[in-house]
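> Structure in structure tokens, see below.
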Amino acid sequence: MIKNLKQKIKNRFSYSLLSEDDNTDYFSKPCPEDNATLWQRFTFGWTERMLMTGYFNGPLEMKDVSDLPDRNKVNITAPFLDTIDYNSKYPLIKQIYKEFVSRNKISVATKIFVAIVSILSPLCLKYFIYYIKLDESQKTFKFGFLLCVLLFLSSLSLTLSQQYGYWFGLQTSLHARGAITQKIFEKTLRLSNQAKRLYNSGTIMNIISVDVGTFSDFFWNNHIEIFVFPFQILALLILLCWIVGLSGLVGFGVMVVSIPLCTFLSTKIAKNLRISLGYADTRCNLTSEFINGIRFLKLYAWEQLFLDRIEEQRTLQLKYLYRRAIYWILDRMITQVTSALVLVATFSTYALTGNQMTLEVAFTAMTIFVNLRRPLEMLPEAIHRALSLIPSSKRIENFLQSPEIQDQPFLEQYSNNKLSIRNNNNNNNNVSSTSSIASSASSNELFDVKINNGTFDWNEIDDLDSGMIINDVRGFAISSDINDMDEMILGDEKVGKSNDTNNGIEYDGAVQPSSSSYVLNNINFIAPAGKLTVICGIVGSGKTSLVSGLIGEIYRVSGSVNIPNNISFTTQQPFLLSTSLRDNILFGKPMNMERYKKVIDACCLTPDLLQLAAKDLTEIGERGINLSGGQKQRISLARALYSDSDCFILDEPLSAVDPEVASHLFDHCIQGMMKDKTRILVTHQLQFIPSADHIIVVDNGVLTQGTYSELKEKGIDFESIMKTKKLNIDENDQSSTSTTDKKSSTSSSSSELKKSTSLLNSTKELDINTIISEKNDPNLIEKAKLLVKEDRNEGEVGFEVYRQYFRHGSLNLFFLTCALYFISQIIFQLSDFWLTIWTNDETNQHDDKYYILYYCIFIGAFIVFLVVRYFMMASITFAASKKLHSELLNSVAFASCQFFDTNPSGRILNRFSKDISDIDLILMENFSDVLQCGSTVVVALFMMIYITPLISIPFAILVVVYYVIQKLYRASSVELKRMESITRSPVFSLLAEAYNGLVTIRCYQQQKRFIEMMQNHININLRLFFYSFSVHRWVGIRLEFITALIVFFTAFSSLFSSNTGFSVLAVTTALGICSYLNWTIRQMTELEVKMNSVERVESYIKTPREGIRHTSEFEDEIDIDGEIEMDFTKWPSRGEVEFKNVEIKYRPTADPSLKNISFKINAKDHIGVVGRTGAGKSTVGISLFRMVECSKGSIFIDGVDISKVGLHELRDALGIVPQDPFIFSGSIRMNIDPFNKYTDDEIWTALEKVKLKDAISSMPLKLESGVQENGDGLSFGQKQLLCLSRTILKNSKVVLMDEATSGIDYVTAALLKQTIDENFNDCTMLTIAHRLDTIIDSTKIAVIDKGELVEYDTPMNLIKTEGSRFKKLVKYQTDFYEESQKKF
């Protein structure tokens, strides 16, 4: 029968879903609440279809959840926060009350109704007791039954009104949560450089996860209760005085004493929370930097350095969180002890003043106290949350008022062809005004790009006036003539015409310019319309500052800028989204297939698409992690080209590609499809200067501009610069011959290797239609996926998750704590029994003092167990929290690179921010509430059955109904909450990506698109939160009805009981557990939801490690040359490297990136690695560091298979200057020598060799001066110089130079090459380069093509070999330079 009923229900509720096509757009399904009947709205029956689907059809999926009601969508709610008055006190809180709470008056009404019913229900009990005490002759069944119904209705009304209060409060919570998150994201898109130094992506994520969460928690319930509860408490106390007379004032006095204590404790709780959040911000900042720079940390074997820094902040955070927990425990103790002491004080005073304790007095008063308990317990909680809201509000307000980019156009255009500009003139208000950057609307008529009398600085004017700059080091500028490298002074570009470095202002170790010294001072600039303007200059001369001034990314102190409205900009370190290659090129523009194909061809991407599994639909990892540097630059260039703007500003777009590809890009892009447009090219590759219509040389912030002949008259000697680049084959022939004679035994003839023709030439005739399809192929798209879906467990949170959590604390101690909760509740229930015995003592067998004494003993014992259980719970949860974070951090730190390729940083940071925050702040309270409420309900139910066994029959039926309801509920509620947690990750991921690409997003005016993307992500997350809360109310209403029935059956059974006192106790207990039963289920579900955070953290803790970290952990000893043990502190001693049949795949299912590579490098050889961009050169280099493991073959260093060496020892033994240098926040010393291994003299010597000593020595704190995350403000070349100084200092026997000078001008590169030759002469060195002049004198050259080693020999032999690919590259570059010199 039950089986048939189940099948009928399944058919009834699942037929429509079974008939739907899998591709149905469920997001477009309207919210079922919109079309619900009045009864369905009243009972939340409109959620049942979803609940049945989750129970009968398996775990809920996103497609099973309907749309969010329009009233709750963020695009509707966010505009209400546009008019915040920041001049008032607590402006954000006031705005939410004004805009959201005032529109939700029914929420206020329900809270008032709850207060009124809580006063009426004790009166119903009073009259019921009067009836019970009547003689049988005076009782009438109808009147008794009527009183039972009244008790049922009063109980039901009280609990149902609480449920509706929660529901209507949810609307305000959703509005606040969505609107604030959206406003934070919109503000992020407008942050100035100063604001970015104060708020990195980790800080902003922490604000959203913690502070916005505080608003969400407060405004779903506490925002009205904090005002209603005091009046409710006062009304109940008046009623108490009416029942027990002036004795009630004694109880009131106890409460009055407790209120300031609770308020004081709540203040302490908020203070410690505020301090802990500050450390949490720092921890999240460091974690964000750690994740963003993880590959560099692994290459340098610096993981432990950052782990220690993060753990230091974590320890400080936990210190204040533990203090907060102590104050919270004291607050809860005082609250619960007060409720007990009020009973003791009131009843003792009442009895000792000569009054007779009767049933109606004692239990009516007890019911009043039961109704008082919730507001009494929740008022301090509400006050605590309100006080916690203040620091969160302040943090959000500070962020929303942080400085904005000075010249930020709105998306709306005006008829006068000007754009409205948002200009942040002060820190209090964002004022709309018209900027002096004139942006002309797009038209067919081009105009000159100009800067008129422009003065620019990286700091806002307020900072310059006040002299206070926080942690700002803009880098190091080399100040000299273009051929003079002797003079160097501070400031990437942070210098004007003055060379006085002592007029700056010192703060936090950095020298800042005074108001009379700027990055660019009173400059005039012109880029002729429709012409090519080339900007050149040595590293740190001010080129990036000039470009930033053009696009409005640097503070303009004075002057004006005239630039077209629609510009395209490519950064030196390209910004790529974690989406398909195609979407990165389109960048929000509609697809024009004809133009798209031309762009692909012009940017020389066709050969690269051939190598990608899904061609242009291939998913690009975060920051283009699965692409080479050249591929990333060309995709960025393709995006600019496809946008078809009036003006193109290109910052070093050709530095990471080989000469042949660079020429192709220059001819087909810059001089091809961009022809007749205004082009501004920043480049170190001076061979392109002859093609320029206008040239600008930047030197120490000073601009010299004109045509080539005009600049030559001014003393700019381009010819001498070009001579440093020319490849003299004859000289190299001689040097190579000498080298070959010495090492002829190690060379292998190129004739023994495969020959290769130019991949570029071989694809020219290829039909691009075979590569790019106009229709999206689902199979290709699925094949192109790089990011994995976020893990999501199904079903209830398993016992193993709980066991693992308490294993981190103490499992045995937890069981003891559970026992203490039940023991303390039994003791408290015994006090009620004792009170019943007291009131039933009509013969006065004992005086009142006797009963008072034992009543106090029960209450005292309850208090003792209360204190112990709370402190034990705090000890367990804090130990677990500390251990979970530590294990999570270590697991992520030592995970493989593939883990970071397939999981965006925002998703990972979500574990460290929101999930850890839930574990830190909520789990202790959740476990405490569940155990307290659960023990109260269990003990009370057993007591009621013991007193009135008759109710066990209806109880059994209600238990079955209760079981069915909670099974239906939990099957869906947990899944909804899991999906809600998962849908938070895209919010954080988009925020992280947008933050990293702010310059690109703003230049392409893509703010509106990104805002809409964020709105979509937030709405999806709110949608899950909305339905999760809705099913809470569905189960809540049904459980409240069950508890009301329990009251009815208990009261009805009491009509037939002979023991009046215990019958009244049973009814009173039933009334008391009404709210507790529902609160127990709610807290159990909330606990299960929050345990999902533990589940998510545990899933990352189980992440496979990349390999054995220390050699000592290997089971087998390494046998090398007959020796069993090795001293790896001195390995490698020679530097001999050998690749044997090496094959490398980045993913098991991917095609090999390197195929059967075999070659040997003798000790002290310098090997040049060349090849087309994307050919696999960098893969050869990083394979030495085991950043990706060999799928076949082996690599040996000094005869040792590196797969048998611990990763730490291996990477620590090698040196590297990476292609994309990364600078970490901290001091200069920390970035060069993080473990304090070297003396100051050694560090200064290394800095002198890379031409940075003068710059750093001019800083007041010198080596202790600070730099920002990723070296913001340093030019690309300056970062490379710092990385080079690390490697020189390390003095490894094997060194990898991966495009180590790609961001440096040729003069500096020539000097550094001399430095490299001098300092690495005794090392084995692999140099990956596109600049052939940097590797032409190498011992041997390895040519890589399509992942294969196609040539490997001395430069002389390769040049002599007909058809050699290397010879073609050399001849191509040499001919190009000679042709360029002829043009000069």
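Keep in mind that glycine also has a Cβ here, set from the backbone N, Cα and C atoms.
So Swiss-Prot says this about it:
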type	residues	note
DOMAIN	104-388	domain 'ABC transmembrane type-1 1'
DOMAIN	505-724	domain 'ABC transporter 1'
BINDING	537-544, 1171-1178	ATP binding site
REGION	729-756	region 'Disordered'
COMPBIAS	735-756	compositional bias 'Low complexity'
DOMAIN	814-1093	domain 'ABC transmembrane type-1 2'
DOMAIN	1137-1371	domain 'ABC transporter 2'
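Quick one: where do these features end up spatially?
Look at Ala1175 (ATP binding site): DSSP puts it in coil.
Each residue in the domain 'ABC transporter 2' (1137-1371) has a pLDDT score, and their mean in this model is 83.
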> Among all the protein chains here, how many other CB atoms are within 10 A of the CB of Gly1171 (ATP binding site)?
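Taking every protein chain into account, the count is 27.
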> To the domain 'ABC transporter 2' (1137-1371), which of 104-388, 505-724, 814-1093 is linked by the most Cβ pairs under 8 Å?
505-724
> In the three-state scheme derived from DSSP, which category covers Lys543 (ATP binding site)?
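For Lys543 (ATP binding site) - judged by DSSP and reduced to three states - the answer is helix.
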> Validating a neighbour-count step here. Other CB atoms within 10 A of the CB of Ala1175 (ATP binding site): how many?
28
> With every protein chain in view, what's the tally of Cβ atoms within 10 Å of the Cβ of Lys543 (ATP binding site), excluding that atom itself?
26
> Between Ser541, Thr1173, which of the binding-site residues has the fewest other CB atoms within 10 angstroms in the structure shown?
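Counting other Cβ atoms within 10 Å of each of the binding-site residues Ser541, Thr1173 gives the minimum at Thr1173.
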> What's the number of neighbouring CB atoms sitting within 10 A of the CB on Gly537 (ATP binding site)?
24
> Taking Val539, Lys1177 as the binding-site residues to compare, which has the smallest set of other Cβ atoms within 10 Å?
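Candidates: the binding-site residues Val539, Lys1177. Fewest Cβ atoms within 10 Å: Lys1177.
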